[in-house]
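Engineer: Please read through the structure below; I'll follow up with questions.
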């Protein structure tokens, strides 16, 4: 009996050590922004997202984002620019559409995005996979025309929903459809860096603003 009790105590001790080790790993990742960035980026890549690094570091990169299934954006593929601030995950990532999109809450010229969950309610518990699997799909599925960055799209959506949806599909077909000659796309298909950066500093007016290197 004493041998059984000793064995049980040993097993309990090992389980506690393992649990404490896992908690310590999570705590370390939370306390080290650089480690957290690395972990979140690797998790995004392992989730089958195509990621293209901009510099040697892990703070700026492009991600290919597919339109949600069974939506008017289905079939479109958008190039999204992501910049992780030094304080990430305690500060939200900067995100913007490089590929043009017609949406009430996305500025057509700069690609800036108005997404409340990123700016006001961002939490370090969120990660990059949440952004691309939940937040951006919800943005496309449930636009908010009452708080627009594209006033024309918002007005058209409220006034004439069928025409609005047709315009969205036209933009998808023109700019976001994968093509064999993607490398030779005209400058109209994606915003230039100058266009993209033009609104990037106005972070008070938009929830997410993409930033470019000077």
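Keep in mind that glycine also has a Cβ here, set from the backbone N, Cα and C atoms.
This is the feature table in TrEMBL:
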ACT_SITE  114  active site, glycyl thioester intermediate
COMPBIAS  19-34  compositional bias 'Basic and acidic residues'
COMPBIAS  181-206  compositional bias 'Acidic residues'
DOMAIN    29-177  domain 'UBC core'
REGION    11-34  region 'Disordered'
REGION    175-214  region 'Disordered'
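Help me picture these features in the structure, burial and contacts included.
Structural biologist: Mean pLDDT for the domain 'UBC core' (29-177) in this predicted model: 92.
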Engineer: Around residue 114 (active site, glycyl thioester intermediate), how many other CB atoms lie within 10 A of its CB?
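Structural biologist: The answer is 23 other Cβ atoms.
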